[in-house]
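Report on the following structure.
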Amino acid sequence: MVSSTNIQSYHITKPVILWLDSDASHAEKHTKYLLDNNRDLIDSVRVHGNIGECIDFFRSVTNANIVLVITSSFPSDKLRYLMKYAEEMIMIDSVFVFTDQLSEEQTYLNDCSKLHGIFVQIEHFSFAIRCRFDLPHVDSKSSNSISSIDESPAELDSFNVYSKLFFDLITQLSYDDTARKEGFNACRKFYTDDGKKLKDINVFEENYSRHSPMWWFIKQSILNDVMRNALVTQNWDMLIQTGMFIRDLHREIKQIYSTAKQTSKFAVYFGQRMSSSDFEQSMKSRKGHLHVFHCFLLTSLDRQVAVRSLKSDHPHLRIIFEMEIDPCQSTIPYAYLNDSSYYSEGENIVVLSSHSIFQINDITYDKDDLWKVKLILTYHINPRLKPMTDYIRDECLHATGWESLAALLHKMGRADKAMDVLKKSEEVIVETNDNTSMRMLASNQNNMGFVNDSMGEYATALENYEKALKTQEAYLPPDHPCVAIIYNNIAMTYRSLGDYRNALLYCNKALTIRSNLPSTNHKELANSYSSLGMIYESQGDYRNALSYYEKTYEIQKSSLQSDDPSFALSYNNLGAINCLLGDYSKALSYYEQTLRIQVATLLSNHSSLAATYSRIGHIYQLTGKFTYSLFYYEKALKIQQKVHPTNPLLTATIYNNIGLLYRLMERYPNAQLYYRKALRIEKKIFQSDHPSLGMTYNNLAYVHQCIGEYQTAVALYETTLKIWQTSYPSDHPLLATIYNNLGTIQDSLRNHQEALSQYQKAFEILRKSSATNPLNLAAIYNNMGEVYRSIGDYRNAMSHYRETLSIEEKHLSPDHPSLAITLSNMATALDKNKQIDEALGYAERAFDIVRRAFGPSHSETARYQKYLNELQNKRVFSG
């Protein structure tokens, strides 16, 4: 008997640490520390003394989550081979390098996308592992600052909605002989290594038209096996390829259901094996909840048939589902079969269509070592999902079948599959001069451009948008709303390319058309305002950006329900602009509102979720909470590692953010590693003068500066300055960043007057701007104070430090490390000026902040303690 499995939530397997080290005592020392401090997180640690053993282990396991740790005790050519092997192994989650001494020879490791860091200290490596797989241990006093959105139930709900809409679409599509051939080939691909199944598929193909889809479904488990696997792995391509068979079976079930005469309640049964953990999570603890089966169900009126289907030698729990069906209440189609032409044994069976919804009524343990789960077939859906379902239908299901399917796939975060479907759709559009075909063609071309843009293929996106405009010219007036949609899309692509003049030009063209539309069309007007805000934000005009974001939000508040998913973009934009303006608390609040909507409306591996996790991580980074910051960056990176080809630029952004975090933590090799990863991606996508490349060059320059490689740093800063001067207006805040960075180098080289000159350029830009992040201004004041202290002008130094402190105290939390740096600088200036008592007061405040921020045993705390002790001794001796 064929049974069907529901989709279970995924459990993240605890990682196995595979430590490759030819020095056994070295390995034992460090792996012991790793286990002692992470027993709750790590499954086990395996130490291998040579690369051959390591590869043999990879080949021997089929289900593991491996972290490969490489030490520097092997020749580089062998490690290069191992890294290449690790890249191809799905079960290897990440690679780390642990070395006693950094060397240039290790730079070839940078090409490995799974490399997450190079570490010298085991404490730092242990911290990185915790951030990769779990939130690190934190002080209970500060734990309430972390976002605590419960994602698990929402993820399951969103999967149910998307998979149901997907199923509805593929059962409505038209298929031809080519589609039928693709379906059989997809089944063959699934059963590549199963000779018997391949023979069955040949029979299936040769005789498909001789029997009904129901007959084939009952006789063979092929369709349900393929469908179940595709849903579990979210292989939407497989479901599209086998869509014709799914559609045919669903239609036959509906046809039988429509002629059914059954009116009284009845019960059907089927058996299923489940692991203890899956049963506990999806059934045992969810009594009264709704439960969805995502595949077709072949059930029996005879309970014993279901019991016999559960083989006794299987290790998992035996579950018998008793399903009550009330024909007078249910609207979900099922086929009651008592015709021997379907089933030769004459068994009464009932086939339920995919995505049947049940309520879990009761769960009991049977005397025959069986769990019995009583279910009631229902037509109800979770009312909490209605806004989401309506939103997705409105966004995606308004065009032809294939076009709607592409829109849905794009909404699900599968831009690559959406493009495949759009290309197929274009092939079937009849290119004639009638308006219907032209409308379909223009819509398809616009959608292809939109998908290209989301994948970072900006030149191709513009080509497709131009094609769409040209097609529209033949049948639409120039002020039609559909023309405005394409203008707005073109504007956003130009923004991504850094061409803000053309971005504003096309955005205003769209706005002109939309402003003349009936006042009821709020959505399109809000879209234009949001786009204008994003362009102004990119130009550094933050006040204008904020104004347009607020206009968008006000329109949405007056025209949408409060739980409408459209608010996610507004919350995100408001979060971004408040972050740029230095209001981190407000920014975090907006990002958390974005995240709540996305968790409820997107699949768990959607790149938009990764973007929001990255932004939240950036806020924690800016507020000095590095532990939380790295945790959120790792969450973002895990998603991107699954979907990277569809949104490589987001991956580059996350790499840049992680690089910045490691730079702030003074772990410069890791900072360089991530900046170079970002640069490789950006160079493949952008022209050499794109502003984003300038930002990554700037980041790399700062690391070279930190390690004393000033000549390299200056060259990179000047490259950045050249790019940004051609991309941005002369008062853009980022230009102030470059002048400030060049000033810090000149200060390090003791060219104090040149340093002050560069700082003054930065200061003038920020002072004139109405949208300056005050913390950037604080940094300039601090740096100018440092120069004055270096040349012995302590009065001017203290004046600038006080300006810095005044700003930081208004905008940072009381235990932010930046406050400690400023207070320490003030203490040093007063110390140099022989004002020991005043210096001691500032040093004590600095030490208190560092101790609260990093803990009493941190090396930074020890450094501040040492300076405080020195000042105390000076006071004793001077007294």
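Any Cβ shown, glycine's included, is placed from N, Cα and C.
Residues 399, 403, 406-407, 410, 415-416, 418-419, 422-423, 425-426, 429, 433, 435, 482-483, 485-486, 489-490, 492-494, 496-497, 645-649, 685 of the same chain sit 6 or more residues outside the repeat 'TPR' (442-475) yet have a Cβ under 8 Å from a Cβ within it. As annotated by TrEMBL, repeat 'TPR' applies to 442-475 (among others).
Annotated repeat 'TPR' per TrEMBL: 484-517 (among others), in sequence order. Beyond the ends of the repeat 'TPR' (484-517), by six or more residues, the same chain brings 446, 449-450, 453, 456, 458, 461-462, 465, 468-469, 472, 524-525, 527-529, 531-532, 534-535, 538-539, 686-687, 689-692, 727 to within a C-beta distance below 8 angstroms of the stretch.
Away from its own ends, the repeat 'TPR' (526-559) comes close to residues 484, 488, 491-492, 495, 498, 500, 503-504, 507-508, 510-511, 514, 566-567, 569-570, 573-574, 576-577, 580-581, 728-729, 731-734, 769-771 of its chain (Cβ-Cβ under 8 Å, at least six residues beyond either end). Taken from TrEMBL, the feature repeat 'TPR' applies to 526-559 (among others).
Listed by sequence, the residues of this chain that lie at least six past the ends of the repeat 'TPR' (568-601) yet keep a Cβ under 8 A from its Cβ atoms are 147, 149, 151, 154-155, 157-158, 384, 388, 391-392, 530, 533-534, 537, 542, 545-546, 549-550, 552-553, 556, 608-609, 612-613, 615-616, 618-619, 622-623, 771, 773-776, 811. According to TrEMBL, the feature repeat 'TPR' maps to 568-601 (among others).
The repeat 'TPR' annotation in TrEMBL covers 610-643 (among others). Within the chain carrying the repeat 'TPR' (610-643), a Cβ under 8 angstroms from the stretch's Cβ atoms is held by residues 113-114, 127-128, 131-132, 135-136, 138, 142, 145-147, 413-414, 572, 575-576, 579, 584, 587-588, 591-592, 594-595, 598, 604, 650-651, 653-654, 657-658, 660-661, 664-665, 812-813, 815-818, 853, all 6 or more beyond its ends.
Sequence annotations record features per position, and here TrEMBL assigns repeat 'TPR' to 652-685 (among others). Proximity of distant same-chain residues to the repeat 'TPR' (652-685), defined by a Cβ-Cβ separation under 8 Å and at least 6 residues beyond the stretch ends, is recorded for 102, 109-110, 113, 115, 117-119, 124, 456, 458, 610-611, 614, 617-618, 621, 626, 629-630, 633, 636-637, 640, 692-693, 695-697, 699-700, 702-703, 706-707.
Summarising the annotation, TrEMBL assigns repeat 'TPR' to 736-769 (among others). Within its own chain, the repeat 'TPR' (736-769) has Cβ neighbours under 8 Å at 540, 698, 701-702, 705, 708, 710, 713-714, 717, 720-721, 724, 730, 776-777, 779-780, 783-784, 786-787, 790-791, counting only residues six or more beyond its boundaries.
Positions annotated as repeat 'TPR' by TrEMBL: 778-811 (among others). If one looks beyond the repeat 'TPR' (778-811) by at least 6 residues along the same chain, the residues whose Cβ comes under 8 Å of a Cβ in the stretch are 582-584, 736, 740, 743-744, 747, 750, 752, 755-756, 759, 762-763, 766, 818-819, 821-823, 825-826, 828-830, 832-833.
The DSSP breakdown of the repeat 'TPR' (610-643), given as helix, strand and coil counts, is 31 helix, 0 strand, 3 coil. Each residue in the repeat 'TPR' (526-559) gets a DSSP state, and the totals come to 32 helix, 0 strand, 2 coil.
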